[in-house]
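Below is one structure; the comments refer to it alone.
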Amino acid sequence: MSSVRIECVAKEGCRIGESPVWDEKEGALLFVDITGRKVCRWSPVTRQAQAIPVDAPVSSVALRKSGDYVITLGTRFAALKWKEELVTTITQVDKDKANTRFNDGKVDPAGRYFAGTMAEEIRPAVLERHQGSLYTLFPDLSVVKHFDQVDISNGLDWSLDHRTFFYIDSLSYSVDAFDYDLQTGKIGNRRSIYKLEKEESIPDGMCIDTEGKLWVACYDGGRVIRLDPETGKRLQTVKLPVDKTTSCCFGGKDYSEMFVTSASDGMDKEWLSRQPQAGGIFKITGLGVKGVPPYPFAG
């Protein structure tokens, strides 16, 4: 695959860049900096990112059918009005836990917002285990908890036929699949479809392409890998010039470009001097596959 090109398009220096989402209407890439507490929107035209500061760690952003965005902020689902820079809480989870925050989140094909929690980190990927849960915010703004005992709730997506939900709990070093009921949003029959190899390190954010294959960003592995969820085989590895690759999505005019977020938290001066683009946003072209446009939250 010599045609694959990797470019750092936004040298944002994010502490923990995450949750890349292509906003077709704006022709721009949304992403968050979790510990930097900001929601960002990068334009390929101006090649600049606008940032909206928020009052807590912000771990995911999603489109909203009625306009603007929804975000996961601390332990809250919240609405974000971009022009007004206005954040309003929709609802809160984990009220019985003082030390958790949301992590990755994504909207399902029926417009429900799935997002999971984790304990606050002592340092990157070091935290009190089994403190997290997986939740869904329904369009009527009610919340359902699917399960708890999660370490680091991370990457999520749905199969092209919407019958399978894919999910990553990072410290299990596994990509898992569940049976999915699109009518109800219920999940069941959990199974592992891929176990990460040592050099791939920690599975983080994930997306699906139009061939039904999964792309997983490997935190501390400096790569994204393409997996076949049917066979459990790795099909492709794309290495990036930074170690802390956190998540990926497809975007651009025809969803043929891949965007990868990265982090710089936990890196000392010497490490950062070797990887000056850490915390940047990368664009990968020439993969030869396209992605699926993101679904908007229906509430």
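Cβ atoms here come from the backbone N, Cα and C positions, even for glycine.
Those TrEMBL annotations? Automatic predictions, nothing curated.
Because the structure is a prediction, the values reported are computed rather than measured.
Sequence annotations record features per position, and here TrEMBL assigns domain 'SMP-30/Gluconolactonase/LRE-like region' to 16-264. What TrEMBL records for E18, N154, D204 is divalent metal cation binding site. Positions annotated as substrate binding site by TrEMBL: R101, N103, E121. Sequence annotations record features per position, and here TrEMBL assigns active site, proton donor/acceptor to D204.
Taken together, the residues in the domain 'SMP-30/Gluconolactonase/LRE-like region' (16-264) have a mean pLDDT of 97 on the 0 to 100 scale.
In this structure the alpha carbons, written CA, of N103 (substrate binding site) and D204 (divalent metal cation binding site) are 10 Å apart. Cβ neighbours within 10 Å of E121 (substrate binding site), excluding its own Cβ and spanning all shown chains: 18.
Within the same chain, residues at least 6 positions away in sequence whose Cβ sits under 8 Å from that of R101 (substrate binding site) are A56, P57, S59, G74, T75, T117, M118, E120. Counted over all residue pairs in R101, N103, E121, the record's binders of substrate, the longest Cα to Cα distance measures 11 angstrom. In this structure the alpha carbons, written CA, of N154 (divalent metal cation binding site) and E121 (substrate binding site) are 14 Å apart.
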